[in-house]
Amino acid sequence: MSISLNTCILILKEHHLLKSSAVQDTVATKMDYVSYDSRDIQTNTLFFCKGAGFRPTYLSMAKSNGANCYVAEQPYPEGKGMHALIVRDVSKAMALLSAAFFRFPQDDLYVVAFTGTKGKTTSAYFLKGMLDQANGGRTALISSVNDVVGPKPEDSFKSSLTTPESLDLFRDMRTAVDNGMTHLVMEVSSQAYKKNRVFGLTYDLGFFLNISPDHIGPNEHPNFADYLHCKLQLMVNSRKCIINAETANFNEVYAAATTTTNPDSIYLFAREDFENPDLDVPIDFRFASQELDMKETRFKLFCATDKAKKLPINGDYTLKMLGDFNESNGTAAIIGAGLAGLNHDQCAKGIRNVTIPGRMQTERTKEHGMVVVDYAHNKASMMALMRFMQNEFNDPKIIVVVGAPGDKGVSRRPGFSESLSAYADKAFLTTDDPGFEDPKSIAEEIDAGIDHSKCDVTIELDRKKAIHDAIASAGPDDVVLICGKGADAFQKIRGVDTPYPSDIVVAQQVINELEGQDEHFRK
């Protein structure tokens, strides 16, 4: 693949991004590789000078390694002798030029995206499971857990960002197309829009699951309004929109969808008993719990409007994943599958056995109750998880292991305090990706907001020991919730992904040690 300098100039001019250009010989010059990492350069590379931590020495390194053109928001002396494209916004430029370099792979895929404070990953996996059932496993995935760009085991790998940098995203999409994939299901984070990682991308289907305050802090969103604004961009950039009618800020979400989408292509869903007298648009799909237990989740989906009844998806569904909150995620995914052409039988078969590493993985022990590993990592997901456990186990003693990440998501900390005070009997506050912050200070900040008359607190920064002590302290009828990291096999500490066995592995080791059993978490 290659892209000419002239094509780059035309694209940047078309989007009013080009401020100036320095052409060394001819605009017919071609670039055969693209990169924003000075360590990843080939001969004739188009290099993007991006990021808050960018240093001119990176451009010098890229030049010496073979880059022949750079894109930046200002000219650099270090780029003397190179072609230069000076732009108003390098992140937008990188998205547009990467799409062109990789020959617009989105045009060869049916692209579906989920946004929401919680439920993105689960919904994405549910939909992938159903689409795979219909298309023979040709569904690509971009998620916070794994990325899948082909049918072979080596085509699946651990993701580093919920939504990759635009260059990586379009490269992965091209790989998926070349590997025969026909559909792409992806999570789109608020940061993806704030940092223009998906700039210029239009989705066939866009889902808005829910919203509550999260990712608000110095290095993320300055306030909730900014967070909401970024989330809403998915609605503006989708051909068809699926919205949870129960979401907070529904009016803003629906209004954003209608700016670019005809109401006939906007679908609403909600629980059967949900009522909102202020809602002046019909709810197309309803769902209702059939049975909840610690083995399966069963619910029924109703097509309530004429528009909804055109999709043959009405009926009963079973999920292997536990939690009544997953019924909403499942409903969203089923609607998406219906819009992609699937019927009830295909959906029911495809969704039934979907599991996600680190999401609602459970182990019933003999002497230490029910142990649950889940990725719940904000107030909304913690509240939903503990509420479900309280109801399902008839008000058990709830023991929670949790920590908050450093350098971001500062708003999560009071949310953890509030949720633990509301539902937990005992909390072990521990380390969870502290970054450059002191994990003890983070734990103490959470502890300061907890009502200690309701929740007993232990600060144990060694996460493995915290998990051990939590399980060891539990009785046969108790519930132990290990929250936040799921299947992550690392801790982000001072800029380094430090190896960590994962909560699932640690919890199983503890259970085996305490009870002498050699079993594995329910998948």
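The backbone N, Cα and C atoms fix where each Cβ goes, glycine too.
Taken from Swiss-Prot as is:
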- G116, T117, K118, G119, K120, T121, T122: ATP binding site (BINDING)
- K231: N6-carboxylysine (MOD_RES)
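Overlay of Swiss-Prot annotations on the structure.
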| residue | record | Cβ neighbours (10 Å) |
| --- | --- | --- |
| G116 | ATP binding site | 27 |
| T117 | ATP binding site | 21 |
| K118 | ATP binding site | 26 |
| G119 | ATP binding site | 26 |
| K120 | ATP binding site | 24 |
| T121 | ATP binding site | 24 |
| T122 | ATP binding site | 28 |
| K231 | N6-carboxylysine | 28 |
Checklist entry - Tell me, by DSSP, whether K120 (ATP binding site) is helix, strand or coil? => result helix
Checklist outcome for this item: Between the C-alpha atoms of K118 (ATP binding site) and K231 (N6-carboxylysine), the distance in angstrom, to the nearest integer, is 12
Next on the checklist: For the C-alpha pair, I'd like the distance in angstrom between K231 (N6-carboxylysine) and T117 (ATP binding site), rounded off.
Outcome noted: 9
Next on the checklist: Suppose the ATP site is G116, T117, K118, G119, K120, T121, T122. Which further residues of the same chain have a Cβ inside 8 angstroms of that site's Cβ centroid?
Outcome noted: F114, S123, E187, L209, N210, N329, S381
